[in-house]
Amino acid sequence: MTQSGQAESETPSTLIHCVRDRQQAKRELERLANRSTGNSQKQAMATVEDILDTVRSQGDQALITLTERFDGFRPEPLTVAPEELEDAWRKTPQKLQSALELAYRRIQDFHQHQRPNDLMVQGIHGEQLGRRWRPVQKAGIYIPGGRAAYPSTVLMNAVPAQVAGVEQLVMTSPAGRDGQINRTVLAAAHLAGIREVLRLGGAQAIAALAFGTETVPKVDVISGPGNLYVTLAKKAVYGQVGIDSLAGPSEVLVIADQSARVEQVAADLLAQSEHDPLAAAVLLTTEASLAEQLPSHLEAQLKGHPREQICRASLSNWGLVVICESLERCAQLSDHFAPEHLELLVEHPHAIADCIKNAGAIFIGPWTPEAVGDYLAGPNHTLPTCGTARFSGALSVETFLRHTSLIEFNRSALEATANAVRELASSEGLHSHAESVRIRFE
């Protein structure tokens, strides 16, 4: 093991390390899944709790003071004027406008199919039993800033809320030191019909949405990814408001066999690693020759790369190649990791896809790079990370909906079930439960 705790590489490259041993592979995948935890999270949580308390007690003034401290400008006003949104769209190049419009249409088209239907059934004694869906009234969406601008995330969060029927949608995103939010992000907000935009980032933005201030409305649900402080803030306010998920750093896992082209594999791993130094890029392959060729292709594609240092940090710390004896073993290891994004660069991808139990999104075949899912395929790109695909899924229309049970008994239905209700109530020692049934027949 190296001082950093990584397994020694079986390839000559120090850029990404390779293992063959089954148990070592599982240990490495577990290390990658836990890459966002540790002492830094405990320290950050103390800061987050202080920020939440300050915003709750001081409102707008806290937002201004905290933004000046952390982001280097005074957000006065806190809100972006509608004219700024319109201006951002007008100044967006035509080709980019067209690309955003295409993405918006495709995301809308897919999410329209996610609307659940109300349910009403009749029981055996004539009772009516149902489930009714209704949207939350207010939702807040957080759009990260920092290393890159994410107009696609605006669309991916706004569309399901709109399809759900949310009445009021509030967007918040960190601004630069000049006080301006990225123009393309504002253009995407304009396209999506968002009218309330805040120049706020970090835990203070989440606090504002969760508690409300003089300017910021208190919302019912908060969605959207962010850095560690944003994620911890969402975790802390959950229960006061609903949240979509606790997003960690992004990841991709590629399963490849002899049919895969090594240059495509390299490009897809780099497409993930360029996000963040904490992004994880994993290759599971049955082909030792593919694993051996990969480092040189990564190096070649990194030459002149505008985000080379981020890619190198990601791959050297959180990159992994595992040589497996079979595709079945690849699928088992993938399920153990439960990746956010799973690419299947294999000869018979549907056979593998059918075996997969845990993945945020599966990209099937050589013509489906993760990038199409990130931008405009249609399914949501806000996905579970760091192993949470074992028990959760993508952001969806249902994130912004609540379902209410509907129950209507008539006299005969209550008569037919009254003895059982009273018996169950008595077994739990709840006298008035039983009495509430009996008294109806006096």
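A Cβ is built for glycine as well, from the same backbone N, Cα and C atoms used for every other residue.
The NAD(+) binding site annotation in Swiss-Prot covers Tyr142, Gln204, Asn227. DSSP classifies Tyr142 (NAD(+) binding site) as strand under the three-state reduction. Tyr142 (NAD(+) binding site) is surrounded by 29 other CB atoms, counting those within 10 A of its CB over all protein chains shown.
Per Swiss-Prot, substrate binding site is recorded for Ser250, Gln272, His275, His341, Asp374, Glu428, His433, and the stated evidence type is sequence analysis. Just so you know, the Cβ of Gln272 (substrate binding site) picks up 28 other Cβ atoms within 10 Å once every protein chain is counted.
For Gln272, His275, Asp374, His433, the entry in Swiss-Prot reads Zn(2+) binding site. Mapped onto three states, the DSSP output places Gln272 (substrate binding site) in helix.
Taken from Swiss-Prot, the feature active site, proton acceptor applies to Glu340 (among others). Counting every protein chain shown, the Cβ of Glu340 (active site, proton acceptor) has 29 other Cβ atoms within 10 Å.
What Swiss-Prot records for His341 (among others) is active site, proton acceptor, and it gives sequence analysis as the kind of evidence. Counting only same-chain residues at least 6 apart in sequence, those with a Cβ under 8 Å from the Cβ of His341 (substrate binding site) are Ser250, Glu251, Val252, Leu253, Gln272, Ala359, Gly360, Ala361, Phe363, Glu370, Gly373, Leu383. In the three-state DSSP classification, His341 (substrate binding site) falls within a strand.
Counting only same-chain residues six or more apart in sequence, the Cβ atoms lying under 8 angstroms from the Cβ of Gln204 (NAD(+) binding site) belong to Ile51, Val55, Ala62, Leu63, Leu66, Thr67, Phe70. Around His275 (substrate binding site), the same-chain residues six or more apart in sequence whose CB sits under 8 Å from its CB are Arg147, Ala148, Pro249, Ser250, Ile310, Ser314, listed in sequence order. Looking at Asn227, Ser250, the binding-site residues in this record, the fewest other C-beta atoms within 10 angstroms of the C-beta turn up around Asn227. Per Cα geometry, Asp374 is the residue among the recorded positions Glu340, Asp374, Glu428, His433 nearest to Tyr142 (NAD(+) binding site).
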